[in-house]
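**Student:** Features from TrEMBL:
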DOMAIN    253-345  domain 'Transglutaminase-like'
ACT_SITE  261  active site
ACT_SITE  319  active site
ACT_SITE  342  active site
BINDING   382, 384, 430, 435  Ca(2+) binding site
């Protein structure tokens, strides 16, 4: 009889949260198999045992998907090997080890005539010989073992932390992740070669980047960047990856509807961590989408300063991707570590909608010939922005405007919910010699030239300290005249709803002043635009973003100056109070409260919660039957039973007719 010692091995290999009903081990690390002999006694040197391991539908020694080996005095961690670790007797304990570059996936171990064991082999970032090795226990707890995290949305002036349940160890999720690999087109075309390719996290990351979206294959998610979510749900309704992965798996690999960038990235993070690749989710504010690879974003505005969609080039309020950790033996030394991998379908790479992996250092140094997709990612954080006014007569004029891309690049800190700014990993300080050298290498001549300083007029947009959804508030165009002459100008100050990827909506407030007089010598003028809830309420998208644009026209010089700023309206806080002492396998209650900040009643109110090892991999829903009047609390009590001890995140979503998909969370420490 063969005993795979699942509980012992899985715990030793840090896979026990996947369950202990089957064997799940990491490559390059020994695991134990016990053989109970029905007759006879094992004697060293007197008994032979041949072992065979195979993976994939076409096992091959050539591809490294099959190996045969016998018993040796001690295991060799560089190849498939086995050694007896028990004294002579009718119970034989075998230590078996895979090489640190073995393909990941489902394997079959045959032990001569004694029996067979099926097991799953994963990447091993704890193994120094594995290309995903990471030498920090704290970072491994965060980037492999943490089942929840924080995604930064909002704007660069006001990053908003949004909780996410990655759930990579929830029941059945590892099977779904392996099925994703099996359904990728490369596997369907040549399953033997694909199984071999899974030894390489560069290959697997590229497969995942393509398979998380469904643009070329039977991928996971269909993207939708309009307000029409018929046939699916708003991307903002998701609180975690588990429901998305299960929906895809149970619906014959039909794409789940719908995703946007943070959802694509979060699902990719769940799958990467499940397979054993250290992974973190990153947000790039003012992210450029350069469609023609010239490292320039050309934007056109009308004579009111409002954006005219003349080009496919865009600046997204923010864009999310993931970074996977690995060495890059395919590149020259010095480019190991974090690699950008972006599963949001934007542009094709080698004929497929995928992006990366590309080393962060290649982006920082301007090494745009390195694999994969360096020019596109470089542009996202470094592109130059040129703004033109398109007049009614069809002519265009250059506008003086200061817009920077690649701001406040953010990720969750290791071991805490604080935001970590990692912009310095992507870019040198602006204006430094190193930055100029990187731009020269990248042939980024536009950035090297730099726009000339303006002719002495300066316009910026200032905002109120508190901009909460439901309130009226003021925003300001602040104009400074640094010239020795009095200036007469026209100011067009407008606001429109905008989605996070830059698509403009309806007008939220507008002011056109034909006779603005500016005193000479640093004279300053502050002009307010009132933002009324009654005006912006029905125009806002779920992103809660308003784009402010102030266009200043100098009558004397005919120069035009543009200031643009996106503001985020803040949702109310969700308060979560845990009732009782949190214990493993003991029923627990949470009281969840949200105060209605709007001047109108809330109807059809619904709270949903989920949390890894808290809600049993399920979503718990509680609806309110009553209307919540302005200033009143929406309050529910939700029950759940934690299954594992440790620090867990209870993720909460509130939805109603007027206040949609407000997120909140509470960290809960579960005792044994």
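Backbone N, Cα and C define each Cβ position, glycine as well.
Thinking about packing and proximity, how do these listed features fit into the structure?
**Tutor:** For the domain 'Transglutaminase-like' (253-345), the number of residues in each DSSP class (helix H, G, I; strand E, B; coil) is 15 helix, 41 strand, 37 coil.
The Cβ of residue 261 (active site) lies under 8 Å from the Cβ of 316, 318, 319, 320, 321, 344, 501, each of these being in the same chain and 6 or more residues away along the sequence.
Packing around residue 319 (active site) is summarised by its Cβ count: 26 other Cβ atoms lie within 10 angstroms of its Cβ, all protein chains included.
Residue density at residue 342 (active site): 31 other Cβ atoms are found within 10 A of its Cβ, drawing on all protein chains shown.
Here the Cβ of residue 384 (Ca(2+) binding site) has 24 other Cβ atoms within 10 Å, regardless of which shown protein chain they belong to.
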**Student:** Can you check which residue among the binding-site residues 382, 430, 435 has the largest number of Cβ atoms within 10 Å of its own?
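**Tutor:** The residue with the most neighbouring Cβ atoms within 10 Å is 382.
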**Student:** For the domain 'Transglutaminase-like' (253-345), what's the mean pLDDT in this predicted model?
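**Tutor:** Mean per-residue confidence for the domain 'Transglutaminase-like' (253-345): 93 out of 100.
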